[in-house]
Amino acid sequence: MTIRSPEPEVKIAVERDPVKTSFEKWAQPGHFSRTLAKGPSTTTWIWNLHADAHDFDSHTNDLEEISRKVFSAHFGQLAIIFIWLSGMYFHGARFSNHEAWLSDPTHVKPSAQVVWPIVGQEILNGDVGGGFQGIQITSGFFQIWRASGITSELQLYSTAIGGLIFAALMLFAGWFHYHKAAPKLTWFQDVESMLNHHLAGLLGLGSLSWAGHQVHVSLPINQLLDAGVDAKEIPLPHEFILNRDLMTQLYPSFAKGLTPFFTLNWSEYSDFSTFRGGLNPVTGGLWLTDTVHHHLAIAVLFLIAGHMYRTNWGIGHSLKEILEAHKGPFTGEGHKGLYEIFTTSWHAQLALNLAMLGSLTIVVAHHMYSMPPYPYLATDYGTQLSLFTHHMWIGGFLVVGAAAHAAIFMVRDYDPTTQYNNLLDRVLRHRDAIVSHLNWACIFLGFHSFGLYIHNDTMSALGRPQDMFSDTAIQLQPIFAQWVQNTHAVAPFSTAPNAAASTSLTWGGIDLVAVGGKVALLPIPLGTADFLVHHIHAFTIHVTVLILLKGVLFARSSRLIPDKANLGFRFPCDGPGRGGTCQVSAWDHVFLGLFWMYNAISVVIFHFSWKMQSDVWGSVSDQKIVTHITGGNFAQSSITINGWLRDFLWAQASQVIQSHGSSLSAYGLPFLGAHFVWAFSLMFLFSGRGYWQELIESIVWAHNKLKVAPAIQPRALSIVQGRAVGVAHYLLGGIATTWAFFLARIIAVG
């Protein structure tokens, strides 16, 4: 990879008109590659085109040009996101029962999709309440709109148009910053400036402006909605912003203006910026005054953080200095050399960001149900289940992506001559110890966690319930988890004396929040059943990590193939004549890691779905008696494999299997179709390239006989392509099957 010489003293961060705008190039598929630009001679061409179109490393060696392409592509990505968001808001304005839901969120179900009456498809439009027929949606948009103070279709239309304007701006920026004013490499490598702007601008000012919107628009509108005022009677957002008297009626401290702020009497503002904890009993969501406080605090933190790094003024932190000073007594050169890695390898940078973002997304999944941030989210069980499942899947994919790009970095960008005795080098040198120990941990966890279930199934089959691991026989209580729960539950009276309630009702206590006769949230008990399944979680996560980490650590070389780096990121085998060297490429480890990621996430979402239906979700009578959806059967049924199959998969699949002829057949058909897609994947995964090439050649012979031979020669998929198609359909089929199963079930019973 060529890295250009340093620029002269005067900083000119952009280059003018570096690449001319050419419609001819756009019209020529594969213009970025001499081989692909020639056009197809065999069917392999279309696969290579898709594989390489966005692999900018394969277009050029120039790091500056690669950086510009990535930068420009990001604007394209943002444009797509804005168009998607705009579409969501437009549907909410044009095809939804949003205003009916807003007036009665406990009885009306959200819908923003109406099926046209073609071949009888209108059966899919169920009665969602409020005199509306449509498909029930579980995306949570209605709840977000309620929280942000949107009360009318006009506001949704306006936001949708705004989204399209932003999308156009992004598309323009993507073109402008590649063709007209392209940043120089030094600009992409100026990490201190980037940190300052992203921390202070995106996160700091972003949070501050959201906090401002919440205070001046969301809070007053939500307070009036909570009090039962009709949405059409509520003043418009600009009236709250411009008319202080209007705000003073709801929040008296507004009469004092900014005086308390400058005199440091901040407690005066506690009518709209609170620290209450717990949930609003009217909506079942977090107190919006708490979330205002949260965003204000985040803004302060990040505005400070965005002024910590040294740029033109010679004060503040230098990242290179921080990294190079970061060494302990046993860690050799420590982080020396990492600065150069992260400023010259975007794969390394991306790997780090994906690992962080993936972990964060999974953290979000767990907070969405335990601290539901939007009004009426907690009692919309379909949305709760969808949001948890969605964020778990996304997090899983991002973490696997982190390993993929870490391995690409190792193969393409890692220079062993510059990395001596730093942490990366030391990790690579003792990789055998890491991988073999991790392998031992996986075997231990696998045998012991699964063994507990096998024991229970055997005892159950032999009619010996007294010898099973369960809450009523041999107890295996998760005492550490229970201790953590209890510590948080008692915090308001001990370690957090100013809080009115603990951070989440799930920790414990006696509180129960019910909205409209449905449980929003209550303390979640943990027992032997949770102890067992948590060890399955530990097992599947560790195996996923083992596969992915082995792929990264052995991406460049191994005892089996010392020169692996020369073979690239993805290759089928180490050439003919070397048996037993297939499926060792870094790409193959990502491929295998995806299957275990799928295993891991499946167990998590199954656990969540059943646990919530059994122990949390349900109806509440006037006498405060809770009736859970599956009547608390998780603790006794989920302790055997048979119980998972019988009382979860089979029992809860009845809704999707029996959905035909009703509006839920919107899930019944995809349930069948997704099973087919999943089964179809096995055809790619369980057969070799040679089989297909032989078959293709006899089919081509038949075409030749009939004088209808194609000009482009058919070729079987390469080994790697076949596995890619296989895993894509496996995951798509598996995820879509789970989606149909979950939603048909929860919409029917929730």
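Each residue, glycine too, has its Cβ placed from N, Cα and C.
As given in Swiss-Prot:
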BINDING   CYS573, CYS582  [4Fe-4S] cluster binding site
BINDING   HIS675  chlorophyll a' binding site
BINDING   MET683, TYR691  chlorophyll a binding site
BINDING   TRP692  phylloquinone binding site
TRANSMEM  70-93  transmembrane segment
TRANSMEM  156-179  transmembrane segment
TRANSMEM  195-219  transmembrane segment
TRANSMEM  291-309  transmembrane segment
TRANSMEM  346-369  transmembrane segment
TRANSMEM  385-411  transmembrane segment
TRANSMEM  433-455  transmembrane segment
TRANSMEM  531-549  transmembrane segment
TRANSMEM  589-610  transmembrane segment
TRANSMEM  664-686  transmembrane segment
TRANSMEM  724-744  transmembrane segment
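The binding-site residues considered are TYR691, TRP692; of these, TYR691 has the fewest other C-beta atoms within 10 angstroms of its C-beta. Residue pair HIS675 (chlorophyll a' binding site) / CYS582 ([4Fe-4S] cluster binding site) shows a Cα separation of 29 Å. Highest Cβ pair count under 8 Å relative to the transmembrane segment (385-411), across stretches 70-93, 156-179, 346-369, 589-610, 664-686: 346-369.
Sequence-distant contacts of MET683 (chlorophyll a binding site), defined by Cβ-Cβ distance under 8 angstroms and a gap of at least six in the same chain, are GLY726.
Look at HIS675 (chlorophyll a' binding site): DSSP puts it in a helix. Cα to Cα, TYR691 (chlorophyll a binding site) and CYS582 ([4Fe-4S] cluster binding site) are separated by 17 Å. In the three-state DSSP reading, CYS582 ([4Fe-4S] cluster binding site) counts as coil. In the three-state DSSP scheme, TYR691 (chlorophyll a binding site) is classed as helix. Around CYS573 ([4Fe-4S] cluster binding site), taking its Cβ as the centre, 17 other Cβ atoms fall within 10 Å, counting all chains.
Between the transmembrane segment (291-309) and the stretches 70-93, 195-219, 346-369, 724-744, the greatest number of Cβ pairs separated by less than 8 Å involves 195-219. Following the DSSP three-state reduction, the secondary structure of CYS573 ([4Fe-4S] cluster binding site) is coil. When the Cα atoms are compared, TRP692 (phylloquinone binding site) and CYS582 ([4Fe-4S] cluster binding site) turn out to be 19 Å apart.
In the structure as shown, the Cβ atom of CYS582 ([4Fe-4S] cluster binding site) sits within 10 Å of 13 other Cβ atoms.
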